[in-house]
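To start, the structure itself, in structure tokens.
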């Protein structure tokens, strides 16, 4: 147990490479770099469009701007260290404190992201099911409180889980079977019983994934019922269009994370975990701005105006 009681400054982790072949690692590095750049540029573009166009200053686009900001920070929590590790064939080291910081921001931003998607579903429910009371029910004060609440709840859950995990004893420098400091791979490196920690992770996962998803599902049951009652075909088309982009993002975000965090920890596979984690750490943040920009006529019009203004200046 002497090794287990080393100070955090002496413990360093490194990430398992995707392949032992340098050529494959280089291809993965290029793919990750492209996805990260597309993700950051796309989300920042949406954020700036919403910020600079008064026609987009509505609750729906306010929440979308918050989602874009979260996705930018979320990607930047994972991607830089992953790129460095991929390029160095897994030889990049991260300290215990650095690993704890990355895990905290990953849980914090990922949790806030999932909760915000539930808030966005509620916004669509009010807009479609109670259109005459929408401006009254979705006041700017309530919108700010809901956005802040998702951050606060994500922060609390992340702080509790990260502190609990990093109180575990870690024996020495270890290889994390993942490309970032994920919860389950780090817990497997501990020199102690982790059953309480696994149970806590499951409770947090239910709070972040299951409950918001149930709220989203319930919202869309009422939304679909309200849309089917609309007499105008154009109204139905527009309502389905605004909701379909949100549902696509929800399925991408919740699908991958549920496969990892809502399954029994005994069935966890590092190989499967690596592949699935790529979906919600790189692919989903890259696709989200593309999905919203393609499905939203207001965003497309704002983008066209911005491009014309740029070219004419």
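The backbone N, Cα and C atoms fix where each Cβ goes, glycine too.
What you are looking at is a predicted structure, and each value in this text was computed from that prediction instead of being measured.
Feature annotation from TrEMBL assigns domain 'G-protein coupled receptors family 1 profile' to 42-292.
Packing against the transmembrane segment (26-51) from elsewhere in the chain are residues 18-19, 57, 61-62, 64-65, 68-69, 71-72, 75-76, 79, 82-83, 86-87, 282-283, 285-286, 288-290, 292-293, 299, 302-303, 306: each is 6 or more residues past its ends and has a CB under 8 Å from a CB in it. Annotated transmembrane segment per TrEMBL: 26-51 (among others), in sequence order.
When Cβ-Cβ distances below 8 Å are used as the criterion, the transmembrane segment (63-83) is approached by residues 15, 29, 32-33, 36, 39-40, 43-44, 46-47, 50-51, 92, 94, 102, 105-106, 109-110, 112-113, 116-117, 119-120, 123, 143, 146-147, 150, 179-180, 281-282, 285, 288-289, 292 of the same chain, each at least six residues removed from its ends. The transmembrane segment annotation in TrEMBL covers 63-83 (among others).
Long-range neighbours of the transmembrane segment (103-122) within the same chain, counting only residues 6 or more positions beyond its ends whose Cβ lies under 8 Å from a Cβ of the stretch, are 60, 63-64, 66-67, 70-71, 73-74, 77-78, 146-147, 149-151, 153-155, 157-159, 161-162, 165-166, 180-183, 186, 204, 208-209, 212-213, 215-216, 219-220, 246, 249-250, 253-254, 257, 280. The annotation transmembrane segment is assigned in TrEMBL to 103-122 (among others).
Annotation source TrEMBL lists transmembrane segment at 142-166 (among others). Counting only same-chain residues 6+ beyond the ends of the transmembrane segment (142-166), those with a CB under 8 A from a CB of the stretch are 8, 59, 62-63, 66, 96, 99-100, 103-105, 107-113, 115-116, 119, 122-123, 183, 186-187, 190, 197, 200-201, 204, 207-208.
Residues or ranges marked as transmembrane segment by TrEMBL: 202-228 (among others).
According to TrEMBL, the transmembrane segment annotation covers 240-262 (among others).
Residues or ranges marked as transmembrane segment by TrEMBL: 274-294 (among others). Here the transmembrane segment (274-294) has long-range neighbours at 16, 18, 32, 35-36, 38-39, 42-43, 45-46, 64, 67-68, 71-72, 74-75, 78-79, 82, 110, 177-180, 182, 245, 248-249, 252-253, 255-257, 259-260, 300, 303, meaning same-chain residues at least 6 beyond its ends whose C-beta is under 8 angstroms from one of its own.
Summed and averaged per residue, pLDDT over the domain 'G-protein coupled receptors family 1 profile' (42-292) gives 89.
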